[in-house]
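If you look up TrEMBL, you'll see 6-22, 59-82, 94-116, 168-185, 197-215, 227-245, 251-271, 283-303 marked as transmembrane segment.
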Amino acid sequence: MGTILLNSLSFLATILLAYGLKHLGIFKQEDGQVLSKMIVYITLPATIVNGVNGTKLTTLFLILAGIGLASNGIMILFAYFYGLKEKERNFRGLLLFTTGGYNIGNFAIPFVMAFFPSSIPYLGMFDMGNSFMVAGGTSAITDRLLASKEDAPSFLDIIKKLSKSPTFMIYIVMFTLSIIGIRIADDWMAPFKLLASANSFLSMFMIGLYMKINLHREGMRNVRKLLFGRYAMATVLAILIYLFLPLSHMIKSVLVLIMFAPISNLTVIQATEFGADEGVSGLASSLSIILSLVIMSAVVILVL
C-alpha cells in the first residue's frame, strides 16, 4: 500500500509542480504544446513499442478493442438520456462528448504501467477502440443524436483522422509485427526504453501546465452534473467488468482503472467546436484529472 500511495503522490506532485511553476511565470501554458508534441511523437510511441514488442496476439486483444468501442458507446448513450431534460442543446452536446472518451495516452498508460508494467498491450488494444471514437466516432454520433449538422464526420473521415495519429499508427505497426511473429531484438530496444522512461514525467508535467481551475459560479452546476454522470456510470461499468467478465484478475483490474480515466483532450476540443462553453469543458477536464488520480489510486489499493 505504501508503494501505491507513493506512486500516486508522485504523479500528483508532478502535476502540481507544473501548475505551480506556470503560476510563478517560469513556464507558460503554451509550453505544454511543446511537451505534447514530444509525448505524441516520441515518448508515447517509444512506450508502446517497448510494451508491445514480442507480444503474442490472441482473440483476447480483439475483445479488448471491442470493449473500448462498446464502453464509449454505452457512456454516450447514457449521456444522451442523462441530459434529456436539459434545454440547452450545447450543454447536451457537451455531456455526450465528455461522458464518453478516455485519456489513455497521456494519463492511463503512465498511471497503470506504474502498477501493472506488463499491461501496455491490453491498454493498447482498448485504446484502438477508444481512439476510433474520440477521433470522430463520438462527434458523428453526437451530431446525429442531436440532429445538428449535416456534415457530421463520415466513417472515411474518421479513418483518415486515425491515419494521422502517431499513437494509433504505432499500435497498428506493432500489432502487425506481433501477428506475423517479428520481434525487435533487445539490443535495438535500448533507445526505445530510454525514451519511454521519460513518458510518465512529461505526461504529468504537461497535464499540470494545461490544468485550469477557474471556479466561476455560472458553470459550476453544469460541471457538477457532467462529472457526476461520468463517474457514476464509470462505476457501474467498472463493477460489471470486475464481476462478470471472464478475464484474468490483472486484465479486469486494468479495465476497471481505465473506466475511471480522465476526459479525453480530443473530445474537449470537439465539444468546444460543437458550441459548448469553453470554460465549463476546460474546468470539467481539469477536475476530472484530479478526480481520476484519487479514484484510480483507491481502486489500485482495492484490487492489488
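Here the Cβ of each residue, glycine as well, is placed from N, Cα and C on the backbone.
Computed from a predicted structure; not experimentally measured.
Here the transmembrane segment (94-116) has long-range neighbours at 4, 7, 11, 39-40, 44, 47, 51, 71-73, 75-76, 78-80, 82-83, 86, 123, 126-127, 130-131, 133-134, 138-139, 141-142, 145-146, 167, 199-200, 203-204, 206-207, 222, 225-226, 229-230, 233, 250, 253-254, 257-259, 261-268, 270-271, 274, 276-277, 280-281, 284-285, 289, 292-293, 296, 300, 304, meaning same-chain residues at least 6 beyond its ends whose C-beta is under 8 angstroms from one of its own. Residues 11, 14-19, 22, 27-29, 31-32, 35-36, 38-39, 43-44, 46-47, 105-107, 109-110, 113-114, 279, 282-283, 286-287, 289 of the same chain lie 6 or more positions beyond the ends of the transmembrane segment (197-215) yet place their CB under 8 Å from a CB of it. Within the chain, the transmembrane segment (59-82) has long-range Cβ neighbours (under 8 A, six or more residues past its boundaries) at 92, 95-96, 99-102, 121-122, 125-134, 137-138, 141-142, 145, 175, 229-230, 233-234, 237, 241, 247, 251, 255, 259. Nonlocal intrachain contacts for the transmembrane segment (227-245), taken as residues 6+ away from its ends with a CB within less than 8 angstroms of a stretch CB, comprise 67, 71, 74-75, 78-79, 82, 95, 98-99, 252-253, 255-256, 259-260, 263, 284, 287-288, 291, 295, 299, 303.
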